[in-house]
Amino acid sequence: MDLALRVALCLSMLALCLAMPKEKQVRWCVKSKSELNKCRDLVNTCKNKEITLSCVEKPNTDECLTAIQEDRADAICVDGGDVYKGSLQPYNLKPIMAENYGSQTETDTCYYAVAVVKKSSTFTFDELKDKRSCHTGIGKTAGWNIIIGLLLEKKLLSWGGPDTESLEKAVSRFFKASCVPGAKEPNLCQQCAGKKEHKCSRSNNEPYYNYAGAFKCLQDDKGDVAFVKQSTVPEAFHKDYELLCPDNTRKPIKDYKKCNLAKVPAHAVLTRSRDDKTKDIIAFLQEAQKECKLFSSQYGKDLIFKNSAVSLIPLPPSMDGFLFLGADYSNAIQALKEGVKEDEVPAAETKVRWCTQSKAEKNKCDDWTTISGGAIECTEAASAEDCIVQILKGDADAVTLDGGYMYTAGQCGLVPVMGEYYDQDDLTPCQRRSSGTKGVYYAVAIAKKGTKVSWSNLRGVKTCHTAVGRTAGWNIPVGLITNETKNCDFASYVGQSCAPGSDVKSKLCALCIGDPEKRLESSKKCSPSASEAYYGYSGAFRCLVEKGQVAFAKHTTVFENTDGKNPAGWAKDLKSGDFELLCPDGSRAPVTDYKSCNLAEVPAHAVVTLPEKRTFVAEIVVNQQSLYGRKGFQKDIFQMFESTGGKDLLFKDSTQCLLEIPKKTTMQEFLGDKYHTAVTSLNKCSTTKSGLLASCTFHSC
């Protein structure tokens with residue numbers, strides 16, 4: 001064979017190799033020989049035509065997290081404490097699937113942390129000091145975070161914080177002797193049963209590790225109490241053991257719902273946040289749980305997955321460790337790391353960190369900061385939902401939201417503080433800090449005069465929306481259309497649209513234009529922010545003027561952008577008389593007839609915050625309004641309800657004042673049952689449910 005032929009043959013083989021699809025592989029990290037044996041069994045029994053499983057053994061969870069972060073492994077299933085740790089630097093991992101402890105039809109992604117004792121003992125919860133204790137592992141949810149947090153909260157355990165001593169040292173003084181796999185304090189490893197280097201290791205190489213191990217520690221009389229989950233004690237042993245309740249009573253094992261330390265999030269599968277293997281891991285596990293024994297093993301209990309799991313459920317793509325665990329549990333873990341000094345009085349908060357959603361909002365907020373004397377500080381976010389997350393994580397304190405986003409905020413745990421009020425013909429409510437009067441506005445459908453579009457013939461029409469999830473621009477019109485058509489696929493009903501927040505490749509983004517002038521640092525077509533020129537009320541109206549056939553906005557939108565009110569090039573020559581409203585009965589009406597021709601009367605925008613910050617935020621905002629509101633003493637210096645360089649910045653420009661919402665008002669009460677129910681129904685259409693809402697409502701621990 002001559003050289004040329006051999007070269008040609010080699011090149012052909014190389015091309016063939018390159019053309020062949022690369023084999024997909026999921027590398028599972030295991031922490032002991034027993035887990036490795038189970039993993040190898042799964043390799044042999046879980047056959048997937050496209051994805052193969054392999055096993056990577058590491059001595060403990062921390063090294064598994066490192067291996068995944070460094071791309072030497074892909075996944076591991078861990079408890080909430082390790083979900084928290086894995087979500088932090090340097091790991092930056094995220095949960096992608098959760099264990100389900102319910103059934104295939106009635107899912108349950110939570111479990112109960114409990115304290116188990118022998119019936120023959122007599123001590124109460126408040127008498128735990130100087131008892132011998134058995135724990136699942138250091139930093140684990142049921143076995144450490146929950147019980148230690150509760151002991152600190154009840155002031156049974158004294159700890160001056162990490163500046164004085166480690167939490168482990170304080171706990172080692174509290175209990176007489178313990179087995180806490182993974183601990184460094186000798187007294188916390190004294191009762192462990194591992195041999196040589198495996199003694200007290202945070203893996204199944206330590207016999208007393210995890211739930212079954214902690215219970216065995218109690219069974220072997222190495223401890224007086226075991227901190228585990230509700231399903232740890234086999235039914236055959238229920239007659240010999242009972243639960244220790246925080247109220248100093250005892251109850252049978254079966255009464256765990258009435259006697260527990262906390263209800264906590266399920267174990268979850270972690271992988272890298274950059275999503276390079278997420279789809280493969282989910283696809284493999286979804287098929288494997290049908291064909292293989294993922295949740296049991298001949299080699300021991302709770303190996304790789306908990307035996308009590310019945311399935312694995314994919315998490316919403318926007319889920320992260322904080323959202324999965326919830327603010328209360330995440331903050332509780334943080335408190336265990338930072339400590340709370342006895343008799344310490346928290347420093348008084350003196351400033352509200354306001355979340356801004358665009359460069360124009362940030363500019364206005366910066367001006368506000370300058371003249372507020374330090375009462376206002378500004379944070380930056382890309383969208384309303386990002387602001388909600390900032391507040392949940394403690395990175396911001398407040399933001400003003402539309403009713404649709406308020407619904408999401410409420411489902412995520414935020415509360416309404418101050419509501420916008422718009423009626424300039426009746427300013428009586430503005431004379432009081434709080435009023436029984438609630439601000440409202442009207443959701444309307446706007447069309448150009450002379451066109452043939454009506455509410456009755458919207459099929460195939462080009463539509464313009466403020467953003468997905470917003471009240472007037474999405475929830476009301478799409479909810480009404482969905483109810484009328486009995487079809488969740490709104491995109492298939494109308495023609496092309498601009499609905500910021502939709503998939504940029506979908507019909508719902510076809511009319512969007514991003515930022516045509518490229519004035520902003522980041523121009524993202526169809527982004528639910530000022531990065532998209534057709535975002536918001538004025539943006540949806542501009543979309544109608546330039547591309548669409550109907551715009552869904554509020555009743556004042558036409559007036560705010562016509563007859564010389566908006567100097568922007570696209571709006572400066574528009575006349576309000578050139579537009580009409582589409583009425584639900586199929587007729588049309590002048591834009592001035594919004595009270596009789598509208599899609600719905602809807603709740604005002606409002607300022608939201610965390611429940612524990614409600615009073616503080618209200619005090620600051622009320623004070624700022626007295627200075628810079630429409631009747632403020634220093635309104636000539638700064639106006640809270642006017643915008644330069646944009647529309648409706650921080651607050652709607654039509655706001656006359658902010659009214660304090662009565663304390664303990666829930667988000668549902670503020671929004672009203674009718675609107676709340678409408679949004680709840682709309683969100684049953686998976687195509688319309690936001691990623692953040694899906695994350696916040698995934699489980700109820």
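Positions of Cβ are set from backbone N, Cα and C atoms, glycine also.
Swiss-Prot lists ASP79, TYR111, TYR211, HIS267 with the feature Fe(3+) 1 binding site. The Fe(3+) 2 binding site annotation in Swiss-Prot covers ASP402, TYR441, TYR537, HIS605. Marked as hydrogencarbonate 2 binding site by Swiss-Prot on the basis of sequence analysis: THR466, ARG470, ALA472, GLY473. Annotation source Swiss-Prot lists disulfide bond at CYS29-CYS64, CYS39-CYS55, CYS179-CYS192, CYS245-CYS259, CYS355-CYS387, CYS365-CYS378, CYS412-CYS696, CYS430-CYS657, CYS488-CYS685, CYS498-CYS512, CYS509-CYS526, CYS583-CYS597 (among others). Annotation source Swiss-Prot lists domain 'Transferrin-like 1' at 26-338, citing sequence analysis. The domain 'Transferrin-like 2' feature in Swiss-Prot is assigned to 352-684; the stated evidence is sequence analysis. Here Swiss-Prot flags 338-348 as region 'Connecting region'. What Swiss-Prot lists as signal peptide is 1-19.
DSSP assigns HIS267 (Fe(3+) 1 binding site) to coil, not to a helix or a strand. Per Cα geometry, ASP402 is the residue among the recorded positions ASP402, GLY473, CYS512, CYS526 nearest to CYS412 (disulfide bond). Rounded to a whole number, the C-alpha distance linking ARG470 (hydrogencarbonate 2 binding site) with CYS55 (disulfide bond) is 46 angstrom.
In sequence order, THR482, CYS488, PHE490 make up the list of same-chain residues 6 or more apart from CYS685 (disulfide bond) whose Cβ falls under 8 Å from its Cβ. Neighbour list (CYS55 (disulfide bond), Cβ cut-off 8 Å, at least 6 residues apart, same chain): ARG27, TRP28, VAL30, LEU36, CYS39, ARG40, VAL43. The most densely surrounded of the disulfide-bonded residues CYS179, CYS583, judged by C-beta neighbours within 10 angstroms, is CYS179. Counting only the Cα atoms, the space from CYS355 (disulfide bond) to CYS378 (disulfide bond) is about 6 angstrom. A separation of roughly 11 Å, to the nearest angstrom, links the Cα atoms of CYS378 (disulfide bond) and CYS387 (disulfide bond). Comparing CA positions across the recorded positions CYS192, CYS365, THR466, CYS583, the one lying closest to TYR537 (Fe(3+) 2 binding site) turns out to be THR466. The distance from the Cα of CYS696 (disulfide bond) to the Cα of ASP79 (Fe(3+) 1 binding site) comes to 19 Å. Least crowded of the disulfide-bonded residues (CYS387, CYS498), judged by neighbouring Cβ atoms within 10 Å of its own Cβ: CYS387. There are 26 other Cβ atoms within 10 Å of the Cβ belonging to CYS29 (disulfide bond). Using CA atoms as reference points, the binding-site residues ASP402, THR466, HIS605 were checked against CYS430 (disulfide bond), and the closest is HIS605. Among the disulfide-bonded residues CYS355, CYS365, the residue whose Cβ has the fewest other Cβ atoms within 10 Å is CYS365. Taken residue by residue with DSSP, CYS430 (disulfide bond) is part of a helix. ASP79 (Fe(3+) 1 binding site) sits 28 Å from CYS387 (disulfide bond), taking the CA atoms of both as reference points.
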